[in-house]
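Below: the structure, in structure tokens.
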Amino acid sequence: MKSMERELQCPVCKDIVKQPVVLPCLHSVCLLCASEVLVQSGYPQPELPPEPNSPASTPNTRSPRQARRPMPKADRIDRALRPGFGTYPGRRRKEGPTQLMLFPCVPCGRDVELGERGLVDCMRNLTLERIVERYRHTVSLGSVAVMCQFCKPPQALEATKGCADCRASFCNECFKLYHPWGTPRAQHEHVQPTLNFRPKVLTCPEHDQEKLQFYCKSCQRLLCSLCKLRRVHTGHKIVPVTQAYQALKDKITKELNYILSNQGTVLTQITQLENAITQTEVNSVGAREQLAQCVRELMALLSERQAMLAQGLESSRQKRSEALANQVAERRSLLEHAGLMAFTQELLKETDAACFVHAARQTHNRLAQSIESLQSFSLSADPSFRHFQLDVSRELKLLTDLNFIQAPLAPVIDTQRTLAYDQLFLCWRLPQESSPAWHFSVEYRRRGVVPGGGRLEEVSGTSAVIDRLEMDSVYVLRVRGCNKAGFGEYSEEVYLHTPPAPVLNFYLDSRWGLHADRLVVSKEQRCARSVPGLSLLQAADRALTSCHLTADLLVGDVAVTQGRHYWACSVEPGSYLVKVGVGLESKLQEWFHLPQDMASPRYDPDSGHDSGAEDSSDSPPSFTFLTMGMGKIYLPPSANSHHGTANHRDGGITNGNGPSSPTGVTYPLPPRLGVCLDVEKGRVTFYDAHSLRPLWEGPVDCSAPVCPAFCFIGGGALQLQELVANRNADQTPVRRVTIQSRVTKLN
């Protein structure tokens with residue numbers, strides 16, 4: 001039982017608790033320790049009762065008549081700690097608000113708010129007191145006798161009984177004397193002899209003598225019958241304390257049984273922890289040696305560099321000293337009786353003209369040079385050594401920042417570039433303050449799989465392409481970096497929805513006689529732009545009577561006859577009108593080869609959705625389009641009801657049998673529009689490609705090859721979604737058409 005002593009220690013004095021009180025954070029501390037901590041924090045000291053075993057609380061030498069005086073009440077400790085009881089004499093009612101008390105809880109490592117009433121709201125932990133008493137009796141006080149508090153010394157006998165109402169310990173004779181038969185004292189509850197008596201029950205700290213009979217699950221605190229009626233507990237779930245007792249006891253019993261039934265696991269984990277401690281010591285020694293080795297290498301490199309720089313400095317010093325010494329010798333030769341001056345004076349003594357001229361030319365040149373040197377004197381070498389100063393600010397900063405390598409921080413997912421199309425493309429970056437990463441680990445799993453149960457891929461860059469995924473599924477992805485220090489934290493999870501059908505890869509067909517002055521297709525055949533040019537200018541004479549625009553049709557270079565297919569595109573928000581959809585190849589060719597001006601959509605009764613269903617109400621339309629323009633997308637009214645309804649997740653799709661406005665509705669233009677064609681069912685569904693939310697569904701005739709189609713009315717631009725597989729390719733790969741190719745027949 002000695003191993004339990006750690007659970008009974010006060011976190012402040014590190015001794016077994018005495019008169020423990022429960023803080024709001026559920027930790028228990030000694031009442032005296034809590035009072036001392038509050039005083040050290042600057043709060044006034046409450047008036048505490050004396051220790052239970054002090055002479056003031058030991059009624060020895062009392063006579064039976066003296067013992068009849070009223071005994072201290074059980075809630076004396078609580079009353080002593082009430083505000084205004086011996087602490088604030090003369091306090092007036094209209095004073096300012098009482099300061100909130102903060103108790104620095106050691107186990108929590110933070111300040112715990114006690115409220116305005118301080119320790120008054122902290123009830124005593126009677127259960128812990130009983131456990132401490134049993135522990136002391138079993139371990140420490142098993143051979144120490146509790147003496148009777150009413151026997152006169154030195155004939156005091158060992159106590160055999162304790163009275164919870166009298167709060168004293170008695171021998172047999174004194175107990176009979178102070179509890180006569182037939183009196184109310186005979187009904188007192190007797191307990192084991194002790195020096196620390198506790199209240200029999202917990203009472204409310206705000207309402208005297210009110211038992212705590214209820215428990216508020218919302219506030220997680222005990223209540224009396226009066227506290228239960230307060231407005232602050234309105235709507236809270238309040239249960240009887242017996243019910244809370246039984247529920248909590250059952251939980252603790254279940255948890256205890258679980259731990260006891262897994263003692264093997266506990267022993268195994270203890271062994272692992274002990275091995276980890278041993279390994280920690282060994283690894284710390286190795287890390288310390290590695291640290292010393294790195295420092296030695298740095299010092300050796302510094303010493304080597306210092307020797308090299310010192311050698312260069314010494315070489316420069318020698319050269320400069322030699323140059324200055326030569327200059328000094330040259331100047332000394334110009335003195336009156338030395339060197340060149342003495343030789344010149346002797347030369348002037350020559351009287352033979354021919355010999356003088358022959359010998360004096362060199363002297364003349366030297367004298368001329370000396371005069372020029374005197375007139376323009378300068379040092380032959382710089383003695384300052386200004387160019388030999390070291391700038392070590394960068395190195396000092398590096399040495400100051402020298403620290404052990406840290407694992408990379410959690411990467412930040414680039415949601416603008418991350419997408420799901422034919423494959424998943426995930427892009428991320430490290431925060432600026434993060435340590436570099438050697439490589440990254442990408443985890444991806446289907447939604448519903450627990451974290452850690454997915455598949456991992458190791459990549460060296462800051463992007464990853466994931467293939468072999470299931471259609472119409474939501475995948476959860478996250479990434480973390482790794483370096484010499486190990487793996488860092490995972491990034492936030494990102495959810496990507498795969499397309500509902502295999503992606504159809506196609507290009508814009510430029511073989512249908514495009515009008516170069518109005519429609520331009522890019523070299524890669526994945527982008528088209530319509531510019532209202534000469535044709536609109538030529539029709540300006542009709543602008544006063546009606547508004548006419550030219551419709552330019554553009555189709556994909558692939559037609560399909562079976563299966564389900566999905567593709568996506570983006571429309572420039574500033575476009576006037578752009579129609580995106582599908583249609584029968586033959587009908588589209590017929591429409592293209594019979595070009596005609598079409599009126600403004602404000603005049604067209606079928607504005608927004610061209611279905612071709614006006615000719616026949618029983619057959620599906622030959623082509624189906626959705627209209628976008630001016631930053632909006634127009635969802636037309638419901639299609640023919642006999643074509644059936646698709647069952648979609650979001651339930652907000654506009655279809656044949658779903659509720660819709662008779663005039664259609666408009667929504668903000670999504671960044672990307674997805675189109676899914678089901679040839680077998682003869683249905684086409686339009687999606688918000690970013691979230692895969694269905695926008696509209698309608699029928700289309702699939703009795704013949706069907707191809708993607710785009711129609712421009714006025715200025716606009718459109719771009720097909722590029723395949724993820726082609727993003728990192730240096731050049732456009734060779735196209736592989738897996739469906740029936742369309743053979744264009746031009747008449």
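Cβ from N, Cα, C; glycine included.
Keep in mind that TrEMBL annotations are predicted by a computer and have not been checked by a curator.
TrEMBL annotations:
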- 199-241: domain 'B box-type' (DOMAIN)
- 348-405: domain 'COS' (DOMAIN)
- 407-501: domain 'Fibronectin type-III' (DOMAIN)
- 44-93: region 'Disordered' (REGION)
- 599-621: region 'Disordered' (REGION)
- 637-666: region 'Disordered' (REGION)
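Taking DSSP states H, G and I as helix and E and B as strand, the domain 'COS' (348-405) has 34 helix, 0 strand, 24 coil. Across the range of the domain 'B box-type' (199-241), the DSSP-based residue counts are 7 helix, 14 strand, 22 coil.
Taking the domain 'B box-type' (199-241) as a whole, pLDDT averages 82 in the prediction.
Secondary structure of the domain 'Fibronectin type-III' (407-501) per DSSP, as helix, strand and coil residue counts: 0 helix, 43 strand, 52 coil.
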